[in-house]
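Annotation source Swiss-Prot lists Zn(2+) binding site at HIS562, HIS566, HIS569. Marked as active site by Swiss-Prot on the basis of sequence analysis: GLU563.
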Amino acid sequence: MGASLLLPLRRRPWTCRTCLLQARRSLETAASPATHRAAFDYLPSKNDAQKKSDDDTLRRVFDSQPFWREFSQRSAAHLKPTGLVQNQYLTSPDGFRVFATTTLQKCQAIVAKVLAGTTLEDYQSMARDLDRLSDLLCRVIDLSDFIRVIHPDPRVQEAATQAYALMFEYMNVLNTTTGLNDQLKKAAANPEVTARWSDEEKIVAQILIKDFSNSAIHMPPHARQRFVNLSNDISQLGNTFVNAAEPAKSHVTVSANSLRGLDPILVQQIKRWNRTASVPSMGLIPRLALRSVHDEGVRREVYLATRTSSARQIQRLEQLLAKRAELAQLSGYDSFAHMTLSDKMAKSPEAVSNFLTSLVGSNRPYVQEELAQLQSMKGSAGRLQPWDHAYYVHQRVLQYSQSRRSRELSAVPEFFSLGTVMQGLSRLFDRLYGVRLVPQETAAGETWNSDVRRLDVVDEADRHIAVIYCDLFSRPNKHPNPAHYTLRCAREISAEEVAECATTMDASAHPNDGMATAVDRDAKTLRQLPTIALVCDFPEPPATGTGRPSLLSEHSVRTLFHEMGHALHSILGQTRLQSISGTRCATDFAELPSVLMERFATAPEVLALYARHWETDAPLSESMMQHMEKDRTAHGSIYGAMENESQILMALVDQAYHSLPAGQATSIDSTAVFHQVSAEHCTLPDPTDTKPPTSWQGFFGHLHGYGATYYSYIFDRAIANKLWEDVFQQGKAAVDRQAGERYKNEVLRWGGGRNGWNCVAGVLGSAHPANADGRLVEGGDEAMREVGRWGLGRDGVSE
C-alpha cells in the first residue's frame, strides 16, 4: 500500500497512532445537553465531600474486586446498553460495517464540497473541511485498529479489520484526487482567505499541503506511480526486516563445563549428549550468558554471534535504505533524512548530528567513570572488552545489592498498589493542572472486557473534559506491552455538523457517533472530547477481596506515569481542529510529556501524595524514599551512561544510513558505516578484525519504524531533564500549581498547534540563559547543540 492522505493526517507517535437534535439549541443557549448519555453531566461538588468520595472510589475500583463488581453492576438498572466506547454503531460486529460505510459517505460529501468550491466562502472553510475529513477517516481507522488488537472476540476482530481495510481502500482514491491538493493550495495562496483563517487553520493547511507533497500527489502520473511502487516496496521490505531478523549462525557450540556461572537449569536445557552445549544466538539465554558466564572466551563467542546478522538480513536493510533514498530523490530532497526531518523540530540531519555529537561530549565523562570501575574489577585479566560489559555490570550490581542495598527496598511495592498509584496520578493532576480522574459506571456493551475501568476527567468546575478507558490487568492472549491509544481526538464540532444531524432522517444521529461530547459554555460550541485507552499487563487483584491487590514495582509505576503523560497531552491539548490536537505534534516533540511524567513518579513531593501501604494505609517513610533515591543513583552510576551512549550510537547510525543521497545509497555497505560510526563515537566498540565482521544493524528493527527519527526519544529526554531541573526545580516544585500552569500553558495546551521550539522557549522563559538572544525560538543547529549540552543524566531503576 502506497503513501496516503490518512497516514500523515493521523500523526501518531512510536510506535503508536483522540448531542443530538437539541444540541443546536444547546449551542445557542449554552445549556447542558442533558438528554444524552454521550457525556455525563456532573453536579458541582460545592465542597470537598464529593471530591473525597471520588478519590476513595478511584483507589477501590482498582484494588478491590468485590467493590469493582458492585460498582460496575450499578449501571445495569439505569443506563441503556450502548456500543463500544459509547459509539452508537458498535453494538454488534456488523456495526463496524455500518460505521465505516456511514463515515465513508460523509467523507465523500466533504470531498465533493471541496472540489466544487469556487467562492471566497468555499475557500475560507477549506482548512476546516479537510480537517473534518481527516477526523472522519481517523474515527474509523484509529478505533478499528485498536479494537482488532484488543478485543477478545474473533468476530469483532474480523469486523474491525474489515472496517479498517475499507477506509484504507478509500484512501487510495483520495491519493489520486489531485483536486484536493490544488484547491487547498489555491485557498492558502489567497490573502483574502488567509486573512480570515485562525492560526490553527493556517497551521493545519500548511501541514496538509506538506502531507500532500510527501504523498506525490503533485507529480506527473508516471512519477506518482513510481512513488507508490517504492512506498509499497519499502513497507514490505521494512516489515520483513523487522519480523525476519536472524543471526548469521543460529547458535554457538561450547563445552558445557565452560558455562559456569549460568543458571544450571538453563545449562541443562541447552546441553547436548556429547558434553557440549548449544547456546542460541537470539533470545533470553544469550543475554543471561553474557551477564553470568565466567569464561571470557565463551562470552566473546556468544557476544559476536548475537551481534552478527545473516547476509540476507543485511541485504534487506540495504535495499530498504536504497529505496528510501530514491523515494526522497523523487520527492525533490537530498536524502530520506532531509525529507523526513523537514517538518520536525530538528529540520535537518545536520542539526540532528550536532545534537548527538554534543550529547556524546556531555555524556563521555560519565562513561569513562563507569568503565574505569569495571576495568578495576577485571584488573590484570586484560583490557575491558565489549563482551565484558554486561558481565562486570552484573557483578557490580550484585556487590552493591549484597553490601549496601537497603532491605527496606524489598517492601516498596507494598506501597504501590495500582489503586494508590492511580489515586496519586489524579491528585498530582489536580494539584498541577486542576483536573482529576473520576471513576464512572459503564453501560452494557461499552467496554471490550469486563475488567476495563472507565475514568472521566473533570476540571475544577466539574466540567467533563475527557474519557479514559483503563485496560490494565493481564488476561490470556493479551499483548503485554504497555501503550496509550487515542481513540478519538478533541475538536470543535461546528454548528453545521449539529444541524446536519438535526435534519437527518435518523433520529439517533449524533455528531460524534454517540461518543463523549460537552458544551463549551463560554464559546457556545459543542466539543468532541478526547477518548483514550491505556493498556498495561498488571496482575489482577484476588477475586475474593482478601489478600494483596496488584502491587507495582518502581519500574511499573514509572511506566504507568509515562503512558499517562501521553494521555495528559491529549486531555489538555484540546485544540479546535483535530489534526493538531493532543499528541498530534512533531515526532521529535511527542515524547516530551511522557518522559517528563516519569520524573514525577518517584519525586518525594509526589510520593507523599499517594504512596501508602496497601493494608495499613501507612505512608511511605522518608527513609524509604531516601533509600529509593540512593538505589536509583547507584544503579545509574553503574550502567546509566553506557546505556545513554548506546542510544546515542543507534541514533547516529540511523542518521548516517538515512542521510545518504540516492547515488550513494544504492551501493551502501551498511556494516562498514556501522563500524565507522562506532569507531568515532563508541567508547567500547566491536572489534573490526572478526570474520565476518559484526553487523548488529541487522537487529536494529527501529530503522524501519523510526527511520531518520530515532534520535527523538533522547532529544525529548534531554528537554524533559531541563524542564524538571529548571521549571519543576528538580522536584521541589513537583506539586506547585504555578509550575504546572506554566508547563500547561506553554507546552501541553497547544497540542501540535505551536512550534516545539516556541513551547520550550516559552516554558523556560526569555530570561533563561539557554534562551539567550532567542536561540531556542529560532531552532536550527545552535538550538540543537544547546539541547545536546543539557545532557541525559544517569538514571537507573531497580526492578
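Placement of Cβ uses the backbone N, Cα and C atoms for every residue, glycine included.
A sphere of 10 angstroms centred on the C-beta of GLU563 (active site) encloses 21 other C-beta atoms. Cβ packing within 10 Å was compared across the binding-site residues HIS566, HIS569, and the lowest neighbour count falls to HIS566. Other than the site residues HIS562, HIS566, HIS569, same-chain residues with C-beta atoms no more than 8 angstroms from the centre of those residues' C-beta atoms, the Zn(2+) site, are HIS484, GLU563, MET564, GLY565, ALA567, LEU568, THR583, GLU591, PRO593, SER594, MET597. Contacts of HIS562 (Zn(2+) binding site) defined by a Cβ separation under 8 A and a same-chain sequence distance of 6+ are given as PRO482, SER594, VAL595, MET597, GLU598, in order along the sequence.
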